[in-house]
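Just below is one structure, and these are the notes that go with it.
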Amino acid sequence: MRIIGIDPGLARVGYGIIEIENERKILLDCGVIETGKDKKEEDRLYEIFQDLNELINHWKPTVAAVEKFFFYRSSTTISVVQARGVIMMVLASKKIHVSEYSPAKIKLTIAGSGKASKKDILDAVMYNLDLDKPPKPDDSADALAIALTKLNEDGFN
């Protein structure tokens, strides 16, 4: 099983790809898709579309886990929702099953508390993937936490 975890955003889309091999979780790749603030929004969305397609074509994940988005009173809300729509469209076009998780569910599953801190999440990601140093940037660590939530749900603790 190979999973891609995705932390949606317009400026930065975090991603993390994990493979299960002999009941071990192996980190294959993690990082961010960054879009330039100087570009028009439609160009930024297209960049997410292209880069995510390339990632999926290269790594060929069989399932995906994406953070659910909750509406906040913020000027970036619509942009993030649009980026998330592009992400969901790419995954659907590749026939990849998607599981969605709220931030509280991710924190509870990974760190044992729905109110866990960023450091708690980072420590749990490092522990679960047997990493010596934290994944950078934070968006990629968040994406790995999202992927680990799905794996935990599927019984790969």
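Cβ atoms here come from the backbone N, Cα and C positions, even for glycine.
Just so it is clear, the model here is predicted, and its values are computed rather than measured.
Noted in Swiss-Prot for the protein shown:
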ACT_SITE  ASP7  active site
BINDING   ASP7, ASP139  Mg(2+) 1 binding site
ACT_SITE  GLU67  active site
BINDING   GLU67  Mg(2+) 2 binding site
ACT_SITE  ASP139  active site
Exercise. Around GLU67 (active site), how many other C-beta atoms are within 10 angstroms of its C-beta?
Worked result: 23
Seminar exercise, completed: Counting every protein chain shown, other Cβ atoms within 10 Å of the Cβ of ASP139 (Mg(2+) 1 binding site) number 24
Exercise. Taking DSSP three-state, what's ASP139 (Mg(2+) 1 binding site) in: helix, strand or coil?
Worked result: helix
